[in-house]
Amino acid sequence: MSITVKAAGAGVTYVDQRAPISSLLKANLRKIFPDHWSFMLGEIALYSFLILLLTGVYLTIWFKPSMTDVIYNGSFAPLDGIPMSEAYASALNISFDVRGGLLIRQIHHWAALFFMAAMMVHMFRIFFTGAFRKPRELNWVIGGSMILIGILEGFAGYSLPDDLLSGVGVRIVAGIVEGIPVIGTYLMFFIFGGQFPGSDFIPRLYTFHVLLVPGILLAMIGIHLVLVFYHKHTQYPGAGRTNTNVVGFPLFPVYTAKAGGFFFVVFGVTTLIAAFVTINPIWAYGPYVPDQVTAGSQPDWYIGFLDGALRAFPNWESVIWGHTISWNVFLPSAVMPGLLVTVLIIYPFIEAWVTGDKREHHLLDRPRNAPTRTAIGVMAISFYGVLVINGANDIIAQAFNVSFNQLTWFTRIGVFVIPPLMFIATRRFCLGLQRRDRDLLLHGRESGQILRLPHGEFIEIHTPISDEQKAVILSKIDVPVMALPVATDANGVATPKLRAKRRRARWSRAYFGDNVARPTAQELEEAAHHAHEAHAHEVHAHGAGELADAGKDH
Amino acid sequence: MSSDHGKTLSTAEHGDEPAFPLPAHRHRLTDTSPRAARRAERQVAGMFVLSALLIVAFIAAYVAIPTSTFVNLGVIGIVQLSNLILGATFGLSILLIGIGAIQWAKKLMSDEEVTDERHPLGSPQEDRDEALAAFQMGVTESGFVERKIVRRTLIGALALFPVPLIVLLKDMGPLPGDSLRNTIWRKGSRIVIDVTGQPVKPQDMGVGTLISASPEDLNTIQEEQGNQNERAKASIILVRMAPDEIRSQQSPKGATWDYQGILAFSKICTHVGCPIALYQKATHHLLCPCHQSTFDLADSGNVVFGPANRRMPQLPITVDSEGYLVAQGDFQEPVGPSFWERG
């Protein structure tokens, strides 16, 4: 036993006698995790969160969350002598008078952008591979909620410096809250401690941003990871991989080094970007004054879809019995995101209902093998994408010299037309890939070699695909389409809950009706036999070629 | 093997053999050649050493470079030198730790894939039965079911317990009252230029001019912090157009709200409240930079495009005895975004 192991053993013994750590270590030190680049997306999100916690603590040392008026006398000359809030002055102080302060601020901001991006792309991976299926529905719900909370947290952090750009963002949020029917005005007055902008908002937002929300996120991340551990990680299909095993490398030492190293890679890359690329130059915007604004105001990217929706929505407003309902604000900025997130969060339960599937799934789906799900995902992303683009319609209009009025109309129509088109195209694309898979299994791969048979016919030689490829393709599950229930059975008894069953059968057909069936064992057998014959042809032809070559030599 | 082809991998029973075996492990160069292994070892150690050196460089830069030095990096723009060097040394240093650790894992640690069995999730049936039995026992011993009066009063008490927690939030802010309907504009309030605080005479404004302005008394207002709340409502823009270009105004019959073609409008967008100052002289259109609502100032400030529903409120103006522009009174309708009670 080496000294390292002895020392570790002594440490473990000490802890073990006070908390039973050995059982935990025994079960988990050599726990197997499968390897795939797409499994690192969630890691990026996790590590970005850790970076945010770390750099956030540094920022709290110097940041003053106060809206008290002060005159700036720091070292950024262009703003010298300008009245501003203490929050903005201290953010300037962090940027220009604290050594490394700007670096920490920029790492914090970049990490926030990466955190949101990584969570979303991670979610796409989970969605398209069906990793949300039983037993991981709860983790999907937690993850989806974390994205929503992350958007709020990001917006709060973006607003704290109280610069002109973020102040306009807060003004818009105040307007959105005012637009909520019945309670909006009161809610706005409660949040801001009176009229906008008041002097309570920044201190309140600060506690929300540095204590309440990070606490909630930390708890959710904890549960998220414990569940990943408990479920054991999903894996992609392949040779040697089944739904009941997990193939990969042990947590200690391989993943300790890889995942631990990856934390430093994420931290290092974020820091390097923060070193070279300025993000959110608050000094260039100036302090927030409620009657000023900059042209080309843009929120951080993850707010873009909300802003895009707000820009595109028609100007509907009604007055009913002396009360104003701002459809133009309430629908795009509260109802639309609410619906989007609700559908997203309950999706696993919708799909489970359609399939009637109660089994555990640990082997990931290939997106093509679930064409309707994949098409729904692409549809949702294109809906989101159109809104994000519209969130920058003024920038695009300027950059490409097009009319923003036309861009807005493009969005108003496109947001309803493009997603269904993407749905249809994606679904067909997936079904095409399924047919190709079936062809590959039954007829092998086109080898590019043309063969002339003795009687003059030309054929192309197909070579059977490898076992690894076969294992991947054969991982497809054929979900049976539910038959439409009959109104009354042979004995004349009416089917109970007929309408619900019919609805479910129709959904089932829409989901799986067009799927290309996996080849049966018999078909595969025949195909293998066929391939063998073709191989015989090939050998035959090869022999003939040699003869011809021999003839030339003479 | 062909007999296994038809097996559905993902419905395999626990402990079933996969239809296709794991491909045979292929050794890396570092597994077979001690020289390659030593080279990998040197690479990893080299990265760790470089990382440590960069920390020393970081500390030197921290001490030596003031925050007031800036450098121009061309495409990237002007950056703070201290930020650049501190970030570059620290970032590269931690990146090297990461790459070194991953290189170690990839080249020198075992890369033979290991297979673990999964076990059905969930507790064994007997555990579930026992848990249920224990719960049943607790329910029986507590009398939660039989003692209806205790149960119901408890539920009642618990339902009311959060009420104080909600009531306590009441003092987060005052009630709106009519504060959203009024601004500090009064009859005779002088209109002053936002930036300079100078009052405006009609002859100061040529046709096509736009001025951001506010009431003169704004500067005497002292709220808890400055005068931001009143400023957020009272800001206006003054525009001048040739009187025959004005197609309509918000003034009722018989009243004159402009002064010789000078019109005053609220600066706060009726959509969600951004201040507006993008003015197109030729069309008299006012464009909100936030969500592109467009208002025609020559036509009562009506909406011509975008998500805003209501026109920009017009402030009736005239001149006082000294010839300065003043308000005739407050706005005749609430400024800014719509709200439920607005009507």
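Any Cβ shown, glycine's included, is placed from N, Cα and C.
Quick look at what TrEMBL annotates:
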COMPBIAS  B:1-17  compositional bias 'Basic and acidic residues'
DOMAIN    B:233-326  domain 'Rieske'
REGION    B:1-28  region 'Disordered'
TRANSMEM  B:44-65  transmembrane segment
TRANSMEM  B:77-102  transmembrane segment
TRANSMEM  B:149-169  transmembrane segment
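Taking pairs at least six residues apart, the transmembrane segment (B:77-102) and the transmembrane segment (B:149-169) share fewer than three Cβ pairs below 8 Å and do not count as touching. Long-range contacts of the transmembrane segment (B:149-169) within the same chain: residues 143, each at least 6 residues beyond the stretch ends and with a Cβ under 8 Å from a Cβ of the stretch. For the domain 'Rieske' (B:233-326), DSSP puts the residue distribution at 5 helix, 35 strand, 54 coil. For the domain 'Rieske' (B:233-326), the mean pLDDT of the prediction comes to 94.
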